[in-house]
Protein chains: 4
Amino acid sequence: MQKRIGILTSGGDCPGLNCAIRAVVSHAKLQHDWEVLGIPYATQGLLERKTTLLNLHGLDLRGIDPLLSMGGTILGSINKGDTLAHASEIIASYRALALDALIAIGGDGSLAILHQLACQGNWNLIAIPKTIDNDVALTERAIGFDTAVNTIVDALNRLTFTAASHDRVMVVEVMGRTAGHLALHAGIAGGADCILIPEIPYSIDGVCHQISELRDRWGRKFAIVVVAEGAKTANDSSIAETQNFASLECGMGQYIANQIKSHNTLTDRLDVRVSILGHIQRGGIPSALDRLSATAFGKAAVDLIAREQYGQMVAWQNGRVVDVPIVDVVARSPLPVAPDNYLVQTARCMGIYVGDG
Amino acid sequence: MQKRIGILTSGGDCPGLNCAIRAVVSHAKLQHDWEVLGIPYATQGLLERKTTLLNLHGLDLRGIDPLLSMGGTILGSINKGDTLAHASEIIASYRALALDALIAIGGDGSLAILHQLACQGNWNLIAIPKTIDNDVALTERAIGFDTAVNTIVDALNRLTFTAASHDRVMVVEVMGRTAGHLALHAGIAGGADCILIPEIPYSIDGVCHQISELRDRWGRKFAIVVVAEGAKTANDSSIAETQNFASLECGMGQYIANQIKSHNTLTDRLDVRVSILGHIQRGGIPSALDRLSATAFGKAAVDLIAREQYGQMVAWQNGRVVDVPIVDVVARSPLPVAPDNYLVQTARCMGIYVGDG
Amino acid sequence: MQKRIGILTSGGDCPGLNCAIRAVVSHAKLQHDWEVLGIPYATQGLLERKTTLLNLHGLDLRGIDPLLSMGGTILGSINKGDTLAHASEIIASYRALALDALIAIGGDGSLAILHQLACQGNWNLIAIPKTIDNDVALTERAIGFDTAVNTIVDALNRLTFTAASHDRVMVVEVMGRTAGHLALHAGIAGGADCILIPEIPYSIDGVCHQISELRDRWGRKFAIVVVAEGAKTANDSSIAETQNFASLECGMGQYIANQIKSHNTLTDRLDVRVSILGHIQRGGIPSALDRLSATAFGKAAVDLIAREQYGQMVAWQNGRVVDVPIVDVVARSPLPVAPDNYLVQTARCMGIYVGDG
Amino acid sequence: MQKRIGILTSGGDCPGLNCAIRAVVSHAKLQHDWEVLGIPYATQGLLERKTTLLNLHGLDLRGIDPLLSMGGTILGSINKGDTLAHASEIIASYRALALDALIAIGGDGSLAILHQLACQGNWNLIAIPKTIDNDVALTERAIGFDTAVNTIVDALNRLTFTAASHDRVMVVEVMGRTAGHLALHAGIAGGADCILIPEIPYSIDGVCHQISELRDRWGRKFAIVVVAEGAKTANDSSIAETQNFASLECGMGQYIANQIKSHNTLTDRLDVRVSILGHIQRGGIPSALDRLSATAFGKAAVDLIAREQYGQMVAWQNGRVVDVPIVDVVARSPLPVAPDNYLVQTARCMGIYVGDG
C-alpha cells in the first residue's frame, strides 16, 4: 500500500543521523515507492508544517552519496524546551500533513516528548535511538555513541603526548550531564588514570591519591583525568544540579582542576591544565559501527511501518535488530551506568580511579 | 594464591592484541601480583620453551603506554600448519614451564589446535577471541574485527572518489576465505554496490545487471564491487577451494574484474580496476571498540583463572562479557554469515546486490 | 570586463582538485562575476562541446560545501592517449564555446598535450599543477602530492605492525613509473628500510644486505621495502620500460619479492609478502596543505586571467605563489629525483638503503 | 673526530620533536659514532646537569621505532620564564658536561634565550626550528606547524556539521597570541567564514556583516568564525595585551561570541557557541611533512656539527634545507603575518572576512 511518511531528527546532532535518513529513504523508495517527507528542525518543522520531499537523487555529487560519511543532519535539529506549549498545533500538523506514519530519530528527551505528542495525537510513531550519551534504555546501541567514543579517544591520545612532555595533569571534560557511559568507555579505551562520572561519587582525595600513586609507585609524572560534565562528590550534589550549566563560570573540568591544584597532599605545585572537548564530540565522519547501526535501524523502521506496527522503537539487542515499545523506553531512560557495570569493574582492575565505589 | 601464568597470541595478527596483553598483565599484576610469562610466536615459543617476563614497566616511553594504541602483537605470532606434529613436545612444555594457566588469544583455527593440545595435556586453558573475520562462534565481538571494518570503509571512501572521477568499476578484494562478515559489514558501511561473499553464491549476470541498473536507472557511471577472497558462484565452487591461494595467478578480485569485462550485456567497454586491500586490513591503530573489548576480555580472562574456571573462552553476549566452553566454540566455528542474516536483508533493502539469494 | 572561462581536470585524479575548482569558481564569481563553464572529462568534454555552468550554489548540502573535503574531481577526468588525433576538432571547440580563457588542472603529460593544443589553437591557457608524482617542474608543490604521501605513510604504519608481528619482509609497491618522489618522501616519513626508485638503480644484493644487517646488527627480524613501480637495476632497464604495465603478470612489488626470496645470501627462508597500495593512493580527504595549495593556485589562476597574462602555470616557489611559462614547465617535466637530492642523502644518513648510488 | 653532543627540546611541545631527536641520534651514531646525550626538560636539565645517553636501541618495541609516529618529546620540555636568572650556572653546565656541541629544538622564545646563553658561554649551538605558530623567521617550515594545521582543519570539519545541523555561529578559538599563521592556514583549509588574527584588526561590525551576508545572500544559516587567541580590534589593543591570559575569565573565543550575541544589527537572536581547541592542537601523530622536515633538519644539524659550523639554525628555504645564523633568526622573530600576505589575499578572494585590512 502506498504510504506517505515523515522523518525528523530531534535533539543534539551526532554522526550517523544522515545514514539513518538515507536508509529510510532508500528502503521506502526502492521497495515500497512511498512518499517520504523530511521535516526540518524537528517539532519546529511540524509546527510550521514545512516539509521537503526526499528522494534518492538530488543530494548526490556525480553519483557519490555524501550522506553516508557526513556528520550532522541534513534535516536540521533543535534542542528547545517549549515544544509542549505548542502541543495542540503540533498534533494537528501531523493530520494536516496527511502522514501515515512518522519516524523520529532522537534521544531520551526527544523521544519522551514525541511519545507524549503521539499518544495525545494518536500518531503512528516509530522511533530510532540516537545519543552520544548512550543512555537510551532497552538498546545496546544508539546512533552516534561509537563515533563520539572514538573522537574522545583520539583527543586523549593527543593530550597524553603533550601532558607527558610537560609533566602535566590534564583534566579532560567530556559530555555527560546525567550519564557517564561516554566518559567510561572513552576513558578506558583512551588510557585515562581517573574517570569521574555522575553515577559514582568521586572525592578529590581519591583523585589526588591516584596522581600521587602514579608518581610515587610508577614514576609517572603526568596524569589524565577524564571528567563527565555531571560528575559529583558524595557530599555535594553535582555542579550540574546546583547551577545552570550555561552560566557556569568555568565548567566541571576547571572546577576539578582547581580542586586538584589546591589539594594539600600534593606538596609539589602540579601543572594542571584543562581541555574541554565540547562540540567536537558531536562531529566527525561516522564510524563503521554507527553507519551500520543507523542503516539497519532505518531499514527496520520502514519494515515496522510496512507491518503497521506502531509505537515501537527499533533497538539493538543480543547481536540483532529488534523493536521495543517506546513507552517502555521512555519509562526507563535515561539509563545510568549501573554500580555493578562490567566496564567500571574493568576500569578498576586496570588501576583506574573511578570514584569511591 | 600466587600464580604463574602464560600468555600467547596465535594466528594472523590484528589491532587490539596488545590491548588484551596489557589488560591481562595489568590485572594479574595489580590485583594478584602473579607472574606473567609472555610466550613468543605462539606454539613455536611453547615448543622452544622461550618466555619473556611481562611487567607493567619496561615497555613505556616516559610513562606513555604504547600498547593501547599499537597494532600487531609484541609477543609475535605464527600461522603455521605443523603444530600438531610437535604436539607431545608442546604439551610437555606447558609442564616444563610450570604454568598454572595459559591464556591464548586466537581465532577459530588456533583455538581448535590449542583446545586439542589442552585436552591432551590437561592444560588450564583460557581463550580470548580475536579475528578480523568475525567467525568465532558464541561471541558477538572478537578483537580486531571493528578496526578492520573501519579500515576497509576508509579505503572504500578513497576508492569511491577515484572511481567516480574516472567512471570506473572498482573491484575491491577484502579478506574472508570462508566467512563474509567483513565484506558484508564494510560493504554496507562503505557504500558498496555489490557485495560478494562465500556464503551466498553470486552470478556474474547479477553483478553486471546491477552495474547496468546503476547507469540506466540512476545515471551512475561508476560502481564499487566488494569481493571476499572466498566468493563463489552457484555452479562452481570457490576459487579458494579449487586452487591454492598462494599460487593464484591473479586473486579473486582480478578474477571478478575479468568476468565483468568480458560479460556480453555490457555493450560499452567498461573501465574495470582492481584494488587488493591485503595486509593493510590487519594493521592500524585499534578502534575504541576493539580496545574496550580487548581490555574487558583480558580482565575477564584473569578473573576466570582466579576462580580456576578453565576451558572457557571469554565472550561478548547481549551487552556484557560472559564465558563459554571452548569446546562449544570450536565445534561451531568458523561461523558463516547465515542466509537470514539481518545485515544481508538490510543490504538488499539498500539496493545492494548480495548474490542470488 | 565580463569574461567566460572554462575549467577542466585532466589525467589521473587526486585529492585537492575539487578545492581548486571551488577556488576558481569562488574568485571568478565573487570578485568578477564571470561565467564559469565546467568541461567534463578533460579534452573529451571539449571534443564533445559539453559544459556545465558552475555556480557557488548547487553543490551544497544545507550550506556545507563538500568540495573542500572531497577527493576526486566533480568534472571527471580521463587518461587517454588519442587526444592529438582529434586535435583540430578540440581546437575548434575552444572557439565554438566562445571561451575567453581555459584553466587546465593537470600533470606533466596533460599539460604537454594541452600546451600543444593551445599553441596551435591560440588558446588563452592557464595551468594549475596537480600530480601525486610531484614531477611537474618549476613548482615546489603540486596538488595531490601531500595527501598521497600521508596516505602511504598511514599504510606503512599499518603494514609495519603486521610485518613486525610475523617477522616478515613486507614489500610495498607505490606509484611512480618514472619519478620516485612519492616513494622517497613516504619511505622516509613512514620508516622504510629500503626505498627503490626509478632514478637510482638498486641491486638485489643491496636490498638483501640491508635485510641481513637489520637482523644481524640490530636484531630486527622484519623489514619494510618501499618500491616505486618503475624501480630498476643498473644492468637491466626497468620492468616498466620492457613490459607493458597493464599486462604485467605480477607487478614490480611481486618481482622484487621473488628476487628477495630466491637470493642466496639469506640462508633462512624469509617470509616475504607484497602489498600493492594501488588506487587508494589517489583517494582520501585532501590534506590541509593540498587544500591550501589548491585554493591559492585557483585564486592565482583567476588573477592571471584578469590580467590577461596567458600561457602561464601557477607555481609554488620559495614560500609563495608565482607563475611560470607553461612552455618551460613542459620542457623540463617530468622532473626526476636528482642524484644529489637532499632527501636521498637524508635517507641514507638514517640508514635506509636507497639504491647503489 | 669523535664528539660528544647534547640535544634538548625547549618550549611548548609539538608533533615531530621525536622525529628530529631520532634523526639526530641515527645520523650521529650510524655515520659518526658520536656520543649523544639527551638533556631533559631543556635548560632545567642543563641546570641540574642531568643527561640520558641516547642510543638507537632502547626505545624500540620488537624493533618498531615509536619515535617516528609519536607526538610530544621523550626528553620533556619546559616553558618557564626564569632561565636567565640561572644563566651562569647553566652556562657552566655546558662545560661541566664536556659537550662539543648542543642541538636545541625550539621556537622563537627558546631560541632567543639559548642564543643569549650560547653567546655568553661560548657554546657551540645548533638550532632546529619548531613551532606550531610558524613564526620563526628565515625558514618556510618549522616542526609541528603542518600537523597543527591538519588538527584544526579536522576539528573545523567536525564543528561545521554540528553548526550546520543547529544553525549556529560557531566561534573556534585556536592558538596564536602574537602571530596568526595557524588561524589563517587552518581557516582557509577548513572552510572558515571569518578569520581573526592579531596582525589584522577586526571589527565586530565586520564579523556580523559577514554573518548577515551569509544568511541574506547565500541562505547560509550557520557560520564558522576562527579566532586566534591574540585577535584584536583597531581601537583596542588585544585582550592578550591588556589582560593576563591565565586569568582571563573567558578567553578570546568567548569574548568574540559575547560581542556577536550583543550586536545590534542581528535582529534574530543567534545561537552562538564557542569551541576552544586548546591543548589538542599540540598533540597528534606527526604529519608526513613534519616527519620529513624533522628528519631532514636532524640530519642537517649533525652535518653542521661535523663541519664545526656553529651558531646556525637549520631552515627550509626554496625547497631545500639550508642554514642561517641564529642571531639573524632571533632578530627577526616572531614573524607576523605580513599585511600583503598571499594567503590573506587568497582568503578574501574566497569571500572570507579577515579583518578590516
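Even glycines carry a Cβ here, placed using N, Cα and C.
TrEMBL annotations: computationally assigned, not manually curated.
Here TrEMBL has A:Lys80, A:Gly81, A:Gly107, A:Asp108, A:Gly109, A:Ser110 binding ATP, and the candidate from A:Gly12, A:Gly16, A:Gly38, A:Gly176 in that same listed site is A:Gly12.
Checking the binding-site residues A:Lys80, A:Thr131, A:Arg177 against chain D with a Cβ-Cβ cut-off of under 8 Å leaves no residue at all. Same-chain neighbours of the ATP site beyond A:Gly12, A:Lys80, A:Gly81, A:Gly107, A:Asp108, A:Gly109, A:Ser110, judged by a C-beta within 8 angstroms of the site's C-beta center, are, in sequence order, A:Ser10, A:Gly11, A:Asn79, A:Gly106, A:Ile113. Here the binding-site residues are A:Ser110, A:Thr131, and the one with the most other Cβ atoms within 10 Å of its Cβ is A:Thr131. The shortest Cα-Cα distance from A:Arg282 (substrate binding site) to any of the binding-site residues (A:Gly12, A:Gly81, A:Gly109, A:Ser110) is found for A:Gly12. In terms of Cα spacing, the binding-site residues A:Thr131, A:Met175, A:Arg177, A:Arg273 that come within 10 Å of A:Asp108 (ATP binding site) are A:Thr131. Neighbour counts of Cβ atoms within 10 Å were taken for the binding-site residues A:Asp108, A:Asp133; the minimum is at A:Asp108. In the shown protein chains, 21 other C-beta atoms lie within 10 A of the C-beta of A:Met175 (substrate binding site). DSSP classifies A:Arg273 (substrate binding site) as strand under the three-state reduction. Note on the domain 'Phosphofructokinase' (A:4-305): its mean pLDDT in the predicted model is 92. DSSP assigns A:Arg282 (substrate binding site) to a helix in the three-state reduction. A:Arg273 (substrate binding site) has A:Gly12 as its nearest neighbour among the binding-site residues A:Gly12, A:Lys80, A:Gly107, A:Gly109, A:Ser110, going by CA to CA distance. For A:Ile280 (substrate binding site), the nearest neighbour among the binding-site residues A:Gly12, A:Lys80, A:Gly81, A:Gly109, judged by Cα separation, is A:Gly12.
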